[in-house]
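Visitor: Handing you a structure now.
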Amino acid sequence: MKTLLLSLVVVTIVCLDLGYTRTCLISPSSTPQTCPNGQDICFRKAQCDNFCHSRGPVIEQGCVATCPQFRSNYRSLLCCRTDNCNH
C-alpha cells in the first residue's frame, strides 16, 4: 500500500512539473505574465533610436524561444531562464 501511494505521489509531481511555464515581465511597470508554450526565455533589451539622448533608451521585455542577437543600437541585452528575471 505504501509503495502504491509513493508511486502516485511521484507520478503527480512529474505530471505537474511537465505543465510548468515561465513567467516574465512584459514591460518595466507590468506584473509578470505567463509565457506562451515554447517561449521559456525571458529577455530585456534597451535600444537607442534617434531620441535616445533626450528621453533615454526604449526598453522592451518579454518571452522568447531564443535569445535575440545583440545589435549595435542596443544599450544592453539580457536573456535569462528563471521566473521574472528580466527586471
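Cβ coordinates are placed from backbone N, Cα and C, and glycine is handled just like the others.
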Visitor: According to Swiss-Prot, CYS42 takes part in a disulfide bond; indicate which of CYS15, CYS24, CYS67, CYS79 is its partner.
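Guide: Out of the candidates CYS15, CYS24, CYS67, CYS79, the one Swiss-Prot links to CYS42 is CYS24.
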Visitor: Per Swiss-Prot, which of CYS63, CYS79 is disulfide-bonded to CYS67?
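Guide: Checking Swiss-Prot: disulfide partner of CYS67 resolves to CYS79.
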Visitor: Report, as a single number, how many Cβ atoms besides its own are within 10 Å of the Cβ of CYS52 (disulfide bond).
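Guide: CYS52 (disulfide bond) is surrounded by 14 other Cβ atoms within 10 Å.
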Visitor: Near CYS85 (disulfide bond), which disulfide-bonded residues out of CYS24, CYS42, CYS67, CYS79 have their CA within 10 Å?
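Guide: Within 10 Å Cα-Cα: CYS24, CYS42, CYS79.
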Visitor: Restricting the comparison to the disulfide-bonded residues CYS24, CYS42, CYS67, which residue's C-alpha is spatially nearest the C-alpha of CYS80 (disulfide bond)?
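Guide: With Cα distances computed to CYS80 (disulfide bond), the winner among CYS24, CYS42, CYS67 is CYS42.
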